[in-house]
């Protein structure tokens, strides 16, 4: 049966499965580094770890979706609901963790003098638990009856999610994206204000601030480019639209979880040092002497 299905495997599903494998490998490495490095326990790293867990589950969800589609009887409702529930929970957690990291960046600049005393590890864990409870609840909704298995005409572009639920999720994402844009705009304003206030280090800070703003702009553009097409298409389309359009918007959205470890983990100098120590047993001198900037966070 597996051999007979091989010729019918969609190249889009193969691409999603490969993407899921890459996502899983990247984020497993991030989680391992954070877990085995006791010094990486600050609130920032807790949020990065939570994001890595969310993206890891998203990657595993893409792999399981491929397995369920081609190697398991996908007509079984439990299989369909399990697959879509895992993907909704994981990708929702990924987006909300990115929002939490953005808020954390903003607070670290806005309350620079009191940030390290007010921003406790306990508070960060409470926020992470809230994110995961909310996202797991969203993932359970299809299994609790919020699905279109009994009425295919109400399906969205992602069966068995209903059109109304897909629109609600898409609109929520657009609100999150708008909030992130506002926060990053405030971060840029604060960074430039700090640069103007420190006249002694004007040249260094100007270069550092320009680099930080460029990095933040790239982060926001990458996030929008990955998720906006899928969000907008979810609002206007339904199950009657050609499936190729769904694949063409879903694939870029999943690629956001490929980019996240690079942006939020591998670029961080503390995580880089831990990776060098784990792989080579030493840290390059240019990395150990490198000053931290706003783009490192």
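One-based numbering along the chain as shown.
Any Cβ shown, glycine's included, is placed from N, Cα and C.
It should be emphasised that the depicted structure is a prediction, and the values quoted were computed from it without experimental measurement.
Here is what TrEMBL says about this protein:
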TRANSMEM  12-37  transmembrane segment
DOMAIN    26-264  domain 'G-protein coupled receptors family 1 profile'
TRANSMEM  44-72  transmembrane segment
TRANSMEM  78-101  transmembrane segment
TRANSMEM  122-146  transmembrane segment
TRANSMEM  166-192  transmembrane segment
TRANSMEM  213-232  transmembrane segment
TRANSMEM  244-266  transmembrane segment
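Just going by CB pairs under 8 A, the stretch in 12-37, 122-146, 166-192 that sits most against the transmembrane segment (244-266) is 12-37.
Touching of the transmembrane segment (78-101) and the transmembrane segment (12-37) is ruled out by the presence of fewer than three CB pairs under 8 A, sequence neighbours closer than 6 excluded. Averaged over the domain 'G-protein coupled receptors family 1 profile' (26-264), the predicted model reaches a pLDDT of 86. Between the transmembrane segment (213-232) and the listed ranges 12-37, 44-72, 122-146, 166-192, the one holding the most Cβ pairs under 8 Å is 166-192. If you look at the transmembrane segment (166-192), the same-chain residues 6 or more away from its ends with a CB under 8 A from one of its CBs are 88, 92, 95-96, 98-99, 102-103, 105-106, 109-110, 138, 156-158, 209, 212-213, 216-217, 219-220, 223-224, 227-228, 230-232, 234-235, 294.
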